[in-house]
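> According to TrEMBL, the protein carries these features:
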SIGNAL    1-19  signal peptide
DOMAIN    38-135  domain 'Zona-pellucida-binding protein 1/2 N-terminal'
Amino acid sequence: MRAWVLLSAVLWYLTGVGWQRSSERTGKGFIYGRPGHPVKIYVKLHHNSPILACMDFRRAKKETVDPTYLWIGPNEKPLTVNDRINITKTGKLKVKDFLEALSGLYTCTLSYKTVRAETQEESIVKQRYDFLIFGKRSDRRIFPEPSIHLLPRL
């Protein structure tokens with residue numbers, strides 16, 4: 001009977017039942033979001049956050065025409081680059097020396113153009129990605145697990 005319970009627990013864990021697996025993390029360490037699903041990330045205090053990409057994994061594989069990125073921090077104000085916040089030209093965010101006060105919702109809006117081949121008509125697409133970042137004090141595992149999982153190296 002114990003073996004059956006253990007096997008059930010392992011299968012439950014591996015399938016991700018019970019928590020949302022709504023992000024993808026590449027071997028390069030980028031964490032991608034998925035539209036409409038906040039990604040939960042736990043960062044050890046006084047360590048750097050993983051690199052958050054302002055797009056989903058599928059969009060990253062496609063050509064994106066004239067992208068713009070707007071990151072909003074937990075205080076609901078646009079983030080600006082400083083000693084602690086790093087935002088690249090490709091819309092990736094990294095928070096250095098993470099403090100508990102920095103915990104909260106980080107939202108990025110990606111805007112890009114699409115062009116219809118037949119008519120050459122341009123339109124602008126906007127997509128929002130939410131990342132919930134929490135500071136943690138120790139190396140203890142957190143349950144439920146953060147909503148990320150690793151993908152094979154690209």
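The backbone N, Cα and C atoms fix where each Cβ goes, and this holds for glycine too.
Annotations in TrEMBL come from automatic prediction, not curation.
So where do these features actually land, and what's packed around them?
Per-residue confidence over the domain 'Zona-pellucida-binding protein 1/2 N-terminal' (38-135) averages out at a pLDDT of 93.
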> Looking only at the domain 'Zona-pellucida-binding protein 1/2 N-terminal' (38-135), how are its residues distributed among DSSP helix, strand and coil?
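Within the domain 'Zona-pellucida-binding protein 1/2 N-terminal' (38-135) the tally stands at 7 helix, 51 strand, 40 coil.
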